[in-house]
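Q: What TrEMBL records for this protein is below:
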type	residues	note
ACT_SITE	D449	active site, 4-aspartylphosphate intermediate
BINDING	D449, K450, T451, E543, F584, K607, R641, T721, G722, D723, R839, K845, N869, D870	ATP binding site
BINDING	D449, T451, D866, D870	Mg(2+) binding site
REGION	1-43	region 'Disordered'
TRANSMEM	333-355	transmembrane segment
TRANSMEM	384-410	transmembrane segment
TRANSMEM	923-943	transmembrane segment
TRANSMEM	1007-1025	transmembrane segment
TRANSMEM	1045-1067	transmembrane segment
TRANSMEM	1074-1101	transmembrane segment
TRANSMEM	1113-1132	transmembrane segment
Amino acid sequence: MDDVDLNAGGGGDQRRGSYPSKMRSDPMGTSASATAAEEQPHGTLGRAATAFSSFVTSTLDRRDSSKDGTERTIYVNDPIKNAQYKYVHNSISTAKYNVATFIPKFLLEQFSRYANLFFLFTGITQLVPNISPTSKFGTLIPLSVVLLASAVKEVVEDFKRHRLDAEVNARYVKTLHGSEFVAKRWRDIVVGDIVRIENSGYFPADLILLSSSEPDALCYVETSNLDGETNLKIKQGLPETAGLLTPEAVARLHGVIRSETPNNSLYTFEGMLRLPTRTLPLDPMQLLLRGAQLRNTQWVYAVVVFTGHETKLMRNATAAPIKRTKVERMVNVQIIFLFIILLCMAVLCSVGALARQLGGRFEKQILYLNGTGGDAWVKFPQNILTYIILFNNLIPLSLIVTMEAVKFVLAGLISSDLDMYHDESDTHAVARTSSLVEELGQVDYIFSDKTGTLTMNIMEFKMASIAGTAYAETVPEDKRPTVDDKGNEVGYYDFRRMLENKKTSQHARVIREFTNLLAVCHTVIPEQDDNGDIIYQASSPDEAALVKGAQMLGATFHTRRPKSVTITHDGVQEEYEILNVNEFNSTRKRMSILCRAPNGALKLYIKGADTVILERLGDQGKEFVDRTLAHLEEYATEGLRTLCLAYRDIGEDEYRNWGALYAKAATTISNRQQELDNVAEIIEKDLILLGATAIEDKLQDGVPDTIHTLAEAGIKIWVLTGDRQETAINIGYSCKLLTVESSLIVCNEETHFETKEFLEQKLLAVKGGMGMGAPTRRLGWFDRMIGKKVPRFDKDAEVDLEPLALIIDGRTLDHALEDDIKLTFLELATLCKSVICCRVSPLQKALVVKLVRKNVEGSITLAIGDGANDVGMIQAAHVGVGISGQEGLQAARSADFAIAQFRFLRKLLLIHGAWAYFRMSKLILYSFYKNITLYLIQLWFALDNGFSGQTLFETWSSLSSYNVAWAVAQPIALGIFDQHLSARMLDRYPQMYRLGQRASFYNHKVFFSWILNSFFHSALIYYMWRTVVGPSGGAVLATGRVSDNWAIGEMVFATDLVVIGIKAALVADIWVKFTWFAIVGSVLVFFVAFPIYVVLGPALLISPELLGINPPIFSSPIFWLGLMLIPVAANLRDFTWKYAKRTYRPESYHIIQEVQKYNIPDYRPRMEWFRKAVSKMRVSQRFKRNRGFAFSQTDSGQAGLIRLYDTAQRKPRG
């Protein structure tokens, strides 16, 4: 029955036959009902049987559809039937948490940190009776405070995401209800709704285009939110729905859409629309993606197919992975190491206690314990737990929350930096997560998109060479016309002079022909806005720039009809009949049209790459070749995109014969495009050169300087772009990614084996030039101890080699990323200063980032882009940066940081990143230092108290409050306000960034040096006080009375605070008010608050052991003398080492600190003018050898489209 229906209706069978076989032909038994109209069964039973059969078929079909998961069914204008499928709502959420998931996800993330997990274990152990020597809640309460602070920070950050989501979900769109369109919020849109989108409106979901205000259901779409491309793309609805131009007509539409299931492929779509009479295939031309914007089209009608998180945009926005910084990973390793030390200390003390209990004289002679020692062995594991609790703060409880708090503040400094505020778009930098700020200071590789990130994708017509004379929109001072030694006038003229020459010059006819060619030979469609201004819709921004250039030169293109174009040249309206269009493609590298001029003459106008135009010139057409070539080299030197223009007069007989060949090729079924190219080759000969054009692909402000500075900082930059190779190379030179010294390795191979052979040969040649093998690194002793393998690639390897640049296209990259080639490709790429990957897909971008991340030892990767096609690599990199500034940019929403311009990356990395890494390094080291210094004193005390497990310090005033009150401000001051160099110095000397790349401030060597210093300070504090107190038997009071262990413990504790305060003063590089408060104020606050607590604590039954210890401590002259002498003695070694280090073996930043301190002038030689001259000469030489084509017109497909337009007709209002 289905077959009968599908073959009914003209043309339906042919169109269905091309549709993929996996799609069903009949979703709800509609073919059965259609056939029933022809063969009505007789009688009630027959009709009932038919109805029942249709119902069963429909139900089974729905079940099969839901089970096989290969397609979805949508009923047009039938919300009741669509409701049964329960498609997802259109509300989106990019937040990390919701009410249900917050607690489990937050706790999972927090306890993935070893420190928190350890303190949870310690806190639970303290609750066990007769084990803890301190208060039962001495760990759990501070841990709860730490977790609460982290939770508040997570909630605040996630609330911002929820707020942005709410704004998007609350937007309005017009939706069809009955026979009229009413406003409806985005979140309320459902699958099957028909919506009306008006000009400049964003698409609220994935839609199938039905009709529009343009001819044949055409519309223009800007996808900058998806792929960063600002040039408009053309979409076209089906001819069968193009006539639905009113709400009433759309309301009468009934049919079924059968489409593919939701997926993340932005550029593919398969589906079909079943109307009552025929079945029509749907393809990406009808698909309007959520997040794209309707442009220069008054309105469109479209039906919703995917909503919410099932849209292709949201399918690309996968859940952000949990990223851990290099510093955090090292902290985790060192916490494990500290835990091993703690465990060793606990076992050592437990063994000491066991030995005392088994054979100590104290046990036998004082306590009269003469047992067998069974109790001692039973208590042995219990003692281990006791000592773990006693020493637990060897691992700083406050470290994680202090790190989180400081990172949150540092992220706020990034967001509030006015130097990274973009006034034009009213956009400031945003740190979407504060967890990765220090990673910004250690970046080794940057992976950047090109269009929208490096360039603005705005083309401007800048220069032209016509009849051997150079013209420019703005003539540079050094290019103004002069007379050379031979009496010839050389230099550039402005466009006003060209307009004069068009009337009076001997080459006036050539100038006029040149201008006509620009205005006629293209596939641009003109539109008029409300003000009467002409807007050009082009398949590429280059095309639009050339037509605008013709307008500047006096020829305005304003009307396109299916078979002609009309221009106004110097006030005279001229109509050119378009006979044939030979389209551009990447093989031909040119485009030509055959047209009949207003005077009836047949002309061939052609434009393309100089290499293909010059070789097709006739003998009479080479008059201006030499001068034009000279101008082309100058344009190439400036990084402009060049194009040659030529023409030819065609005879009627020649055209008649050629037209027959063209018609035959156009109707060829197999290999049609190749046949058309062959026919075009026949007539594109004996050309007459008119001149050349130069278009500027405008870079974003400051891009060349930013790339140059980042390269000086030791960062390697890879550009991953969807553009053509020639375009990418040109931009590479413009933005200083490629330099005049660079040798290009261009890899364009067709097969797997060719790619492998090419890469291996180039790698051998490069390594032979270096005289060495692949750059590798020897492992340090700690790496060998933990069993780390020798890495294949070392990011810090220095190679003495001329700068290389690897250029590879997407097709070849597919082969290069296969398992047996990818490491060869990576080895070659890591030896290059820069890499450009052209014509790459979003998946390839992510794979390249992952390849470097996984195989280059210790490397930190950063990906930056501005479209949804960059989301994959942004999430694959250690740090993701999105370019914002336009509403709803998906890359910025998925990134860790968002900036408005690429140039802001310079300050984000070199200053904010370098500061953050330096500050976090000092914060972590100081936090470890201060805790180990205090809690190792408990170990020295254990040696004296017979390993009894007795604590020297009171729990609440000393142990629990140490990291919360007395020693919390110092690391915060260092983490937020300290600077090793000023912003000016870091920007002036980008080489300082390498300190972060090489982990100079925080590595295993530095960590262990701080740990050894902690051992030294703690032993010095304890044993100096022991020396003072021991000989007198503890009689340190003015009255000669003996002090108890609590009073001595508080004396030691107060001394420790002064010692760590002086240490903080020694390591601080800059002092602000908070630094003074943190270092000096913390000690003063202790001496004010502690005596008060000694009075209140025992009274409240909190710390009864402190009762009455104020007089013994504060009235003792020995205490005050020790408080002054012991901290100085402890830090004397540190001061001496710092002096010797800076004097005799200074680091690079020590020298720059002196330059900054004393404002020493920079006497480095300045050779900018000489370098520019040499650079210009070398670029000219390079482009003489290899001058490429750089014109980004879309391959084919435009000739048929322009035949549909008649811009003279009025458009429907809809």
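The backbone N, Cα and C atoms fix where each Cβ goes, glycine too.
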Q: Same chain, outside the transmembrane segment (384-410) by at least 6, Cβ under 8 Å from its Cβ: which residues?
A: 113, 115-116, 118-119, 122, 125-126, 128, 131-134, 139, 142-143, 145-146, 149-150, 153, 331, 335, 338-339, 341-343, 345-347, 349-350, 434-435, 437-438, 912, 915-916, 919-920, 923-924, 927-928, 930-932, 934-936, 938-939, 942, 949, 951, 959, 962-964, 968, 971-972, 975-976
Q: Just name the most isolated of the binding-site residues R641, R839, going by other Cβ atoms within 10 Å of its Cβ.
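A: Looking at the binding-site residues R641, R839, the Cβ with the fewest others within 10 Å is that of R839.
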Q: Around D449 (active site, 4-aspartylphosphate intermediate), which of the listed binding-site residues (F584, R641, G722, R839, D870) come within 10 Å, judging by Cα atoms?
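A: Of everything listed, what lies within 10 Å of D449 (active site, 4-aspartylphosphate intermediate) (Cα to Cα) is G722, D870.
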Q: Below 8 angstroms Cβ to Cβ, which residues of this chain, lying six or more residues outside the transmembrane segment (1074-1101), approach it?
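A: Cβ under 8 Å, 6 or more out: 956-957, 965-967, 969-970, 972-973, 976-978, 1050, 1054, 1057-1058, 1061, 1064-1065, 1068, 1107, 1109-1110, 1114.
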Q: Just to verify a number: CA distance, D870 (Mg(2+) binding site) to G722 (ATP binding site), in angstrom, no decimals.
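A: G722 (ATP binding site) has its Cα 11 Å from the Cα of D870 (Mg(2+) binding site).
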Q: So among T451, F584, R641, G722, R839, all listed as binding-site residues, which is physically nearest to D866 (Mg(2+) binding site)? Use the C-alpha atoms.
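A: That would be T451, nearest by Cα distance.
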Q: Among all the protein chains here, how many other CB atoms are within 10 A of the CB of D870 (Mg(2+) binding site)?
A: 34
